[in-house]
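The structure appears right after this line, and notes come after that.
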Amino acid sequence: MGFAEKNLYDFRFLLFISIILSCSISASATIAEANALLKWKSTFTNSSKLSSWVHDANTNTSFSCTSWYGVSCNSRGSIEELNLTNTGIEGTFQDFPFISLSNLAYVDLSMNLLSGTIPPQFGNLSKLIYFDLSTNHLTGEISPSLGNLKNLTVLYLHQNYLTSVIPSELGNMESMTDLALSQNKLTGSIPSSLGNLKNLMVLYLYENYLTGVIPPELGNMESMTDLALSQNKLTGSIPSTLGNLKNLMVLYLYENYLTGVIPPEIGNMESMTNLALSQNKLTGSIPSSLGNLKNLTLLSLFQNYLTGGIPPKLGNIESMIDLELSNNKLTGSIPSSLGNLKNLTILYLYENYLTGVIPPELGNMESMIDLQLNNNKLTGSIPSSFGNLKNLTYLYLYLNYLTGVIPQELGNMESMINLDLSQNKLTGSVPDSFGNFTKLESLYLRVNHLSGAIPPGVANSSHLTTLILDTNNFTGFFPETVCKGRKLQNISLDYNHLEGPIPKSLRDCKSLIRARFLGNKFTGDIFEAFGIYPDLNFIDFSHNKFHGEISSNWEKSPKLGALIMSNNNITGAIPTEIWNMTQLVELDLSTNNLFGELPEAIGNLTNLSRLRLNGNQLSGRVPAGLSFLTNLESLDLSSNNFSSEIPQTFDSFLKLHDMNLSRNKFDGSIPRLSKLTQLTQLDLSHNQLDGEIPSQLSSLQSLDKLDLSHNNLSGLIPTTFEGMIALTNVDISNNKLEGPLPDTPTFRKATADALEENIGLCSNIPKQRLKPCRELKKPKKNGNLVVWILVPILGVLVILSICANTFTYCIRKRKLQNGRNTDPETGENMSIFSVDGKFKYQDIIESTNEFDPTHLIGTGGYSKVYRANLQDTIIAVKRLHDTIDEEISKPVVKQEFLNEVKALTEIRHRNVVKLFGFCSHRRHTFLIYEYMEKGSLNKLLANDEEAKRLTWTKRINVVKGVAHALSYMHHDRITPIVHRDISSGNILLDNDYTAKISDFGTAKLLKTDSSNWSAVAGTYGYVAPEFAYTMKVTEKCDVYSFGVLILELIIGKHPGDLVSSLSSSPGEALSLRSISDERVLEPRGQNREKLLKMVEMALLCLQANPESRPTMLSISTTFS
C-alpha cells in the first residue's frame, strides 16, 4: 500500500468514526431533551392535550419530533420549537429544562394557565427568535436578562399580572420587531432606551400603570407602524418627535393624563390610519395639519379640553370612517366640509360649545350610522337633508336650541333605532312619516313645544322599548298600539294635555319597567286601566282624572318600588293587598277620596321611605304598626280625619326629614320626638292637641319649619327653644300659649299672623301686635287677702332684685376687667373677649407653643391658623398678620372691630363655624374658632383619595348645608350679614362631613388693604361680575359664589372658564355626565336627580344680572 493510499484510508476511517459519534451524540441529546420535557410535563395539573408526549426513560431509543404535539426539531434532531398555545396546561416554570433545551428558537406558550414568575434563565436561550407567554397568569417582574436575547424579534408578554418596571435592558434587543407588554400591572416610566430599537414595528404597552412622560426618543424608531400606550397614567406632553415616524399607522395614547397641545408635527405621519388621543387633558386647538393625514380612518380626540373651532381641512380626509371630537370645549360652527366625508359612519361632536346651524351638507354622508350633535348651542332647524341618511341608526340632537318643525323627511331614515330630539325648542306636530321607523327602539322628544295629536305610526315599531314624550303640549288620545311589540319598557307622557283612557295594549304590556303619566287629563276606571307587570319598578299616574277603586292586583307586580296615584278621583278603601308590597319605597295615594282606617299591617312596608296619604277621608287611630317604618324620610297624613293621640312610638323615625299631621282630629299632648334629629319640617297644625309644648322638641337641631297653630296648646314656650339654631319658620297662632317669646332671631322676626290668638303671649316688638312683656296685671279691688299675700312676696322680690343687680354689676365689672386684661409676664394691657370666658390667653399661647409652625394647619391672605389642644377641647386659633394687627390697633377701627366680633359670636347655626372670641395683645392678635377635623373643602377635593371618600350623598349635603347657612345669615338675622368670600377654601367639614362656613363676616373686617373695607371682596374665580364696576357687595354676590361652589363640588375642581360662559349664557345646557367628578362613581337614582336640580340652580345663581339670581331663602327652601 502506498503512502497516498494509506492516508486516504485513514481519512475515510476517521470520517466514518466521526459520523458514528455524531449520530450517537445527537441521539443522546434528543433523548435527554425528551426526558427533560417529560419531567416538566409531570408538574402540570392538566396536560390532556399532551398525550402524545410518551417515551420510555429506561431505553436509549430516540423519539420522533413529529409525533409529539407542539414540538419541532432542527435537522439534527434537537428541539428548536415549542408551540403549546391554548392547550390548557396549568403549571409553572420552576422545572422548565433550560439547559436541555438550549437550541430553542421558537416558544409559544400563550393562552394557558401558567402561573408564577418568568425565570431569568430564559435570557440564556441565545437562539430564541420568537417568545410568546401572553394570556396566562404570570406574576412578578420582567427579568432584565431578556435584554441578552440579541436575536429575538418577537416578545409577547401581554395579558398577565406582571408587576414592577419595564427593564431598560430591553432596549438592547436590536433585532426586535414586535414588543407587547400590555394588559399587565407594570409601573414606573417607559425606558428611553426603547428608542434604540430601530427595527421595532409594534410596541404595545397599553393597560398598565405606567407613569412619567412619553420619552422623546421613541421618535427614533423609524420602522414603527403600531404604537399603543393607552390606558396608563402617563403625564406631560405628546413629544413632537413622534412626527418623525413616517411609517406609523396606529397611534393610541388615549386614557392617560397627557397635557399640553397636540403637536402639529403629527400631521407629518402620512401613513397614519388610526389616531386616538381621547380621554386626556389636552388643551389648545385641533391642528389643521391633521387634514394632511389622507389615509386616516379613525380620529378620536374626545374628552379633552380642546378649544377653538373644528378645522375645515378635516373634511378633506375622504378615507375617514370614525370622527370623535366630543366632550371638549370646541366653539364656532360645524364646518360644511364634513359633508364631503362619504365614508364616515360615526360623527361625535356632542358636549361642546358649538354654535350656528347644522349644515345641510351633513345629509350627504350616505354611510353615516351614528350621528351625535347633542349638548351644544346649535340653533336653527333640523336639516331636511338628513332624510338622505338611509343607514343612520342613531341620531342625537338633544340639549340644543333647535327651533322649527321636525322635517317629514326624517321618516325616510328607515334604519333608525334611537332618535333623541329632546330639550330643544321644536314646535309643530310629530310627522306621520315616523310610522316608517319599523326598527325603532327608542324615541325621545321630551321638553320641547310640540303639539297636536301623537300619530299612531309612532308605535308601529315592534322593537319599541323606550318612548319619552313628556313636557310638551300634546293633545288628544294616545295611540292604542303603543305596546304592539310587547317590548315597551319605559314610557313617559307626563305634563302634556292627553286625554281619554289609557290604551288597552298598556294593560297587557308585561314588559313595562317604568311608566309616567302624571299631569294629563287621562280618564277611566283605575281598577281596569292597569294590569299585572312582572318587572315594573315605578309608575306615576298622578294629577289626572281617573276614578274607581284601587285594584288589589298591584300586589302581583313584585318589583314595584314606587306607586304614585295622587290627585285623582279614586274612591273606596285601600286594599289590604297593598300592605303586603314589602318592596315599596314610595307610596303616594294623596288627594283622592279614599276612606277607612289604616291597618296594623302597614308596618309590613319596612322599605318605605316616602308615605303620602294626605288629602283623603281616612279616619280612626294611627296604627302603632306605622312605627315599624324606620326607613321613612317623608310622612304626610294631613287633611284626613285621623283621631285620638299621636303615637308616642313616632320617635322611631330616625331618618325622617319632614312630617305633616296637620288638619286632622288628633288630641292629647304632643309626643316626645326628641330622637328625630334629622327632622327639618314638622306640621301638627289644625288639630285638637292640648297641654304644654314639650321642651324635648328643642332637641330637633335640624328643624327648620315648625307649625303648631290652631290647637289648644297652653303654658309657656320652653326657653330651650333658644337653642334651636336651624329654626327659621315658626307658627304657633291660635292656641292658649302665654309668657314671652324665646329670644331668637326666628321668634323676633315672626309675623303677627304666626302669633295671633294667644291671649297670654307677650312681646316688646310692636309689629307682632302682642301685649308688652313688661306689663303687669293690676290686682282686683277689695283684695285684702291678696294684699297680705302679695306684699311679702313683692318685698322678697325687691330684695332679690337688688341682690341680682349687684351680682350682675360685679360680673360686668369682672368682664370689663377681662376685656382690659394684664399679661402675667409683662404686665402689659391686652383686650380679650370670649363668649363664655372659658378660653384663657395663656392656655392658648402654651398649647400652640407660642404659635410654633408645628401647630400650623392653614395659611390665608390675612392670617395663619393653628390647632390648639386645650385640656378638654380642641380649637382653631386664627392669628392675624402684623399689617392687620396694626390696622386694628387704631382706636376707631378697634372699637368697630370689637363690636362686629361680639355680634358674630352670637351666631348660632349648625352650618356656621362657631366664633368663640377674640384677643388683642401687643404681641399677638387672634380669633378663636371651633375646630373642624376634616379641614377645608378645597383641600379634600385636591386630594384624590379624600375626593373619593366625598361621595355624591356627602357633596349634596354640603350644598344643602351651605345653602341653609347663607339663608340664615341673609334672611333670619335682624341685621343681614353678607359673607363676601364664599369659596371652597372657606367651607370646612367635621368628622361627619357636615359642612360649615367659616370667616362669616370677618372677611369684611379683616380686608384692610384699602381705606374702604368694602373695596375688596372675595376669592378670585368666585367674585360676582358686577363687583368689578359697582364695588358694592350684596347678598347676590354670595349667591353667585354659591353657584360656583355647586359646580366645583360636582366637577371636583374649580369650574374655571365654564363659569364666565354660563354667566353670559343663562340658557346654557350642561350634561351631568360630562362634568361630574370621575373619581366618584357615576351618580344614580335619587342622587342623580338631586344633582341635576343642583346644576339647574347653579345656572340660575351664575346669571350675569344679579336681580335675576334667586335669593338664598328660595334656594334653601328648594333644597329642603
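From the backbone N, Cα and C atoms, a Cβ is placed for every residue, glycine too.
For 30-783, the entry in Swiss-Prot reads topological domain 'Extracellular'.
Per Swiss-Prot, N-linked glycosylation site is recorded for N60 (among others), and the stated evidence type is sequence analysis.
Feature annotation from Swiss-Prot assigns N-linked glycosylation site to N83 (among others). In the three-state DSSP scheme, N83 (N-linked glycosylation site) falls into the strand class.
The N-linked glycosylation site feature in Swiss-Prot is assigned to N124 (among others). If you draw a 10 Å sphere around the CB of N124 (N-linked glycosylation site), it holds 14 other CB atoms from the protein chains shown.
Under the heading N-linked glycosylation site, Swiss-Prot lists N295 (among others). According to its DSSP assignment, N295 (N-linked glycosylation site) is coil. The Cβ of N295 (N-linked glycosylation site) has M249, E270, S271, M272, T273, S319 as same-chain neighbours under 8 Å, each 6 or more residues away in sequence.
The annotation N-linked glycosylation site is assigned in Swiss-Prot to N343 (among others). Long-range C-beta contacts of N343 (N-linked glycosylation site), restricted to its own chain and to partners at least six residues apart, with a cutoff below 8 Å, comprise E318, S319, M320, I321, S367. Taken residue by residue with DSSP, N343 (N-linked glycosylation site) is part of neither helix nor strand, so it is coil.
Broken down by DSSP into helix, strand and coil, the repeat 'LRR 13' (367-389) contains 5 helix, 4 strand, 14 coil. Look at Swiss-Prot and you will find 367-389 tagged as repeat 'LRR 13'.
The N-linked glycosylation site annotation in Swiss-Prot covers N473 (among others). Counting Cβ atoms from all protein chains shown, N473 (N-linked glycosylation site) has 13 others lying within 10 Å of its own Cβ.
In the three-state DSSP reading, N490 (N-linked glycosylation site) counts as strand. If you draw a 10 Å sphere around the CB of N490 (N-linked glycosylation site), it holds 16 other CB atoms from the protein chains shown. Taken from Swiss-Prot, the feature N-linked glycosylation site covers N490 (among others).
Sequence-distant neighbours of N569 (N-linked glycosylation site) (same chain, 6+ residues apart, CB-CB distance under 8 A): K545, F546, H547, N592, N593. For the recorded site, N569 (N-linked glycosylation site), the DSSP three-state label reads strand. What Swiss-Prot lists as N-linked glycosylation site is N569 (among others), and the listing cites sequence analysis.
On the 0 to 100 pLDDT scale, the repeat 'LRR 21' (583-605) averages 95 in this prediction. Per Swiss-Prot, repeat 'LRR 21' is recorded for 583-605.
The Cβ of N604 (N-linked glycosylation site) lies under 8 Å from the Cβ of W579, N580, T582, G625, F628, each of these being in the same chain and 6 or more residues away along the sequence. What Swiss-Prot records for N604 (among others) is N-linked glycosylation site.
Annotated N-linked glycosylation site per Swiss-Prot: N641 (among others), in sequence order, evidence recorded as sequence analysis. In this structure, N641 (N-linked glycosylation site) is part of a beta strand by DSSP. Over all protein chains present, the Cβ of N641 (N-linked glycosylation site) has 14 other Cβ atoms lying within 10 Å.
Under the heading N-linked glycosylation site, Swiss-Prot lists N660 (among others), citing sequence analysis as support. Neighbour list (N660 (N-linked glycosylation site), Cβ cut-off 8 Å, at least 6 residues apart, same chain): N614, L635, D636, L637, S638, Q681, D683.
The feature repeat 'LRR 25' is assigned by Swiss-Prot to 678-701. Across the repeat 'LRR 25' (678-701), the DSSP tally of helix, strand and coil residues reads 5 helix, 7 strand, 12 coil.
The N-linked glycosylation site annotation in Swiss-Prot covers N712 (among others) and rests on sequence analysis. DSSP assigns N712 (N-linked glycosylation site) to a strand in the three-state reduction. Other C-beta atoms found within 10 angstroms of the C-beta of N712 (N-linked glycosylation site) number 13, with every protein chain shown included.
If you measure from the Cα atom of N473 (N-linked glycosylation site) to that of N490 (N-linked glycosylation site), you get 20 Å. Rounded to a whole number, the distance between the Cα atoms of N712 (N-linked glycosylation site) and Y968 (phosphotyrosine) is 30 Å.
The candidate set comprises the modified residues Y929, Y968, Y1022. Of these, Y968 has the most other Cβ atoms within 10 Å. Remote same-chain residues near the repeat 'LRR 25' (678-701) are listed as 638, 646, 654-670, 672, 707-718, 720-721, 723-726, 731-732, 737, 910, 1120 (criterion: CB distance under 8 Å, separation of at least six residues from the stretch ends). When the recorded positions N83, N124, N490, N712, Y929 are ranked by how far their Cα is from the Cα of Y1022 (phosphotyrosine), Y929 comes first. The closest partner of N83 (N-linked glycosylation site) among the recorded positions, by CA position, is N124; the full candidate set was N124, N490, N641, Y929. Residue density at N83 (N-linked glycosylation site): 16 other Cβ atoms are found within 10 A of its Cβ, drawing on all protein chains shown. Between the alpha carbons (Cα) of N490 (N-linked glycosylation site) and Y929 (phosphotyrosine) lies a span of roughly 53 Å. Following the DSSP three-state reduction, the secondary structure of N473 (N-linked glycosylation site) is strand.
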